[in-house]
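> Pasting a structure below so you can have a look.
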Amino acid sequence: MSVAAGVSDAAITVRDKLLSLDKAFPKDEDGDSPAKDDRRLRRLAQTRENKEELRADHRHIRQAEIVSSVEEQNERQDADIDEEDEEAQEERRRIQERQLLREQEELLPQEDGEPVEDEESEESEYEQMGMAMVKPVFIPKSQRDTIAERERLEEEERQLEELVKKRLEARKIETRQIVVEEIKKEEHIEKALNEEANIEDVDTDDELNEAEEYESWKNREIARIKRDREERDARLKEKEEIEKVRNMTEEERREWERKNPKPIRQTKQKWKFMQKYYHKGAFFQESADDVIQSAGKEDIYTRDFSEPTGEDKMDKSILPKVMQVKHFGRSGRTKWTHLVNEDTTDWNAPWATNGPLRAKYNAKMAGMNAPIAKPKGSKKLKDWDAK
């Protein structure tokens with residue numbers, strides 16, 4: 001029964017709709033073309049009717065649902081039997097109503113010319129009015145593209161361009177300086193090469209001061225001749241003295257040695273306990289460089305290099321045995337005092353043992369089995385002694 005009530009309500013609604021259409025669009029009694037009407041008003045009226053129809057259907061359906069919920073338990077069987085027939089009838093009614101509405105729409109008049117354009121403009125305005133508005137979005141102040149921000153960006157761009165120009169200018173100046181330095185370096189190298197070439201040449205500046213050069217040369221030659229004569233006289237005198245001593249008797253030789261004693265050598269000073277040793281080296285000089293001793297003797301060569309200095313002046317023999325080491329209390333100290341006190345010989349070495357292998361090796365060495373006899377003199381020495 002509830003379904004039947006709903007269907008009857010729908011049929012009533014459709015009928016009311018058709019009647020309203022007939023009232024809104026009356027036909028001429030004479031059978032002429034239907035009168036022209038405003039399409040906008042018709043659309044608004046149709047929209048309003050559709051809304052009212054939806055509200056009525058909703059109201060009827062809600063009432064039917066309420067009624068059905070109350071009567072459903074008692075009349076379920078009767079409704080199931082009549083449901084199929086009523087649905088089929090209702091479907092046929094709906095099809096007929098739709099066909100009738102389609103025929104009425106085809107009979108509506110078509111407006112010509114300007115009214116069509118006005119209608120389209122009104123429809124576009126209506127559509128624009130019905131468009132959904134975009135939700136306003138808040139933009140923070142830091143993200144807004146304002147005039148101040150645009151000016152700041154332009155200023156930064158201008159400063160960047162100026163910085164690029166300054167860098168280009170500085171690079172140009174640096175390039176010029178590098179070129180100047182390279183040119184100066186090439187000029188210096190060329191000048192040095194020219195000077196070396198001039199140094200290798202013979203110095204021929206004798207024509208500058210001939211008189212002075214001649215006097216200096218004459219003095220050098222006189223000094224050289226005098227030096228050569230003195231050296232020759234000294235050698236002859238020494239040779240005569242040696243011959244004279246050889247020809248003396250024993251008494252005369254003792255008398256001559258008493259009158260001409262040998263120079264007494266200075267005794268070497270005894271070194272202190274654990275005194276540091278300074279080696280003279282291979283190039284130590286006690287006399288002048290050249291034979292003629294023109295440079296003279298240096299004062300440093302007259303010093304006694306064996307004298308103690310610094311900490312060596314202290315007598316370390318009175319110290320305890322533990323402190324009698326070099327660099328006592330330091331990380332670089334040694335456990336040896338001196339080689340006289342410590343024997344560092346490795347007796348396990350093969351050359352330190354006196355076994356049969358060592359004796360066999362010594363027998364093979366040169367001069368071990370040679371006879372002991374007076375060495376023979378060479379022929380050159382014999383000839384020299386004969387002379």
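Cβ coordinates come from backbone N, Cα and C, glycine included.
All annotation found in TrEMBL is predicted automatically rather than curated by experts.
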> According to TrEMBL, coiled coil applies to one of these ranges: 143-173, 205-235, 236-266, 329-359. Which one is it?
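Spelled out, TrEMBL records coiled coil over residues 143-173, not the other listed ranges.
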> Pop the mean pLDDT for the coiled coil (143-173) in here, whole number is fine.
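Across the residues of the coiled coil (143-173) the model's pLDDT averages 87 on the 0 to 100 scale.
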